């Protein structure tokens, strides 16, 4: 009998966290929740703690921690509440933990994810920003600690499944010619360009295929999400940006493909449900039931493909430029995007201005080497300052 694995879920109240807990609950003989973390949805975090009875919960502030601790005691639970980034790093690196779901959105997830890496944990990486920001430093830490890094993004998990087991030897050595990264095209794939000036946050968050959080939904609408995934794919699979091609596939059934030098193209298909890649990574190299319905090809009937329109999706072009520039450029791209998307969700800017802000930040700030984590955070901070200056200068 295999020992029950202890799982920390960073970002438990988000869509990835909830899907992870759904899969875990289906396999109580295999997995137990060690820690859950939340940011603003404290009532939801309390409910999850009552259901899963973790040893630890983490919230950002002491006042929230005190309230949650009192509520947990009232519910008869022994769950201990920790606070802030230090608490996140503690539950990510605790000796008892076997695997960490890294699902905190944005730059805030970098330090706790790195703490899990440095502790040699099995990392289920949903926080693409951590790898986008720190790139080489992150992968060096993985290599040094012996941590197992498994991608959760449906596209990267699909690529992982289509790659040979020894892909780390180098793509050319294992016969891989290119990676084909699929994208749905989001809710604005066919919206007339002149109407994009007037789209609302609600429209941007109404993804046709996937159920996601607000920030990643906007990123999907702008295809910045695909740009970040392009950068992530380069690091995960040691690929050059020129080896990663983005293909718009509206049905979101083929999650990505790998093109081999002999003419073979391997693809991974499935219903658009994040429980599939989560279950794949949780159980790897085994397979477990995810709760996802079988794929009905007859109901789908057709699969369409087209090239992305860079006039419609300038964020994708900016992300590829950052990938090619390397060094501090991806961290600046990510930071500027986080500020811009937040401003759009707050109705302070129009949708096309997301790309305008990012473009200005990348144009104004020179690319510098990032040989240590402090340099990554310095680039992140500088980009945020420049993005805020754009907002102030334009009266937003």
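Cβ coordinates come from backbone N, Cα and C, glycine included.
Swiss-Prot names 13, 14, 15, 16, 127, 129 for binding NADPH. Of 185, 186, 213, 227, the residue it gives for the same site is 213. Annotated Mn(2+) binding in Swiss-Prot involves 153, 155 plus, out of the candidates 85, 229, 245, the residue 229. Annotated 1-deoxy-D-xylulose 5-phosphate binding in Swiss-Prot involves 128, 154, 155, 207, 220, 225, 226, 229 plus, out of the candidates 168, 172, 184, the residue 184.
Considering only the binding-site residues 14, 15, 16, 153, 213, the residues lying within 10 A of residue 128 (1-deoxy-D-xylulose 5-phosphate binding site) on a C-alpha to C-alpha basis are 153.
When the binding-site residues 14, 213 are compared by the number of other CB atoms within 10 angstroms of each CB, 213 has the fewest. In this entry, NADPH is bound by 13, 14, 15, 16, 127, 129, 213, whose most widely separated C-alpha atoms sit 18 angstrom apart. For residue 13 (NADPH binding site) paired with residue 225 (1-deoxy-D-xylulose 5-phosphate binding site), the C-alpha to C-alpha distance reads 20 Å.
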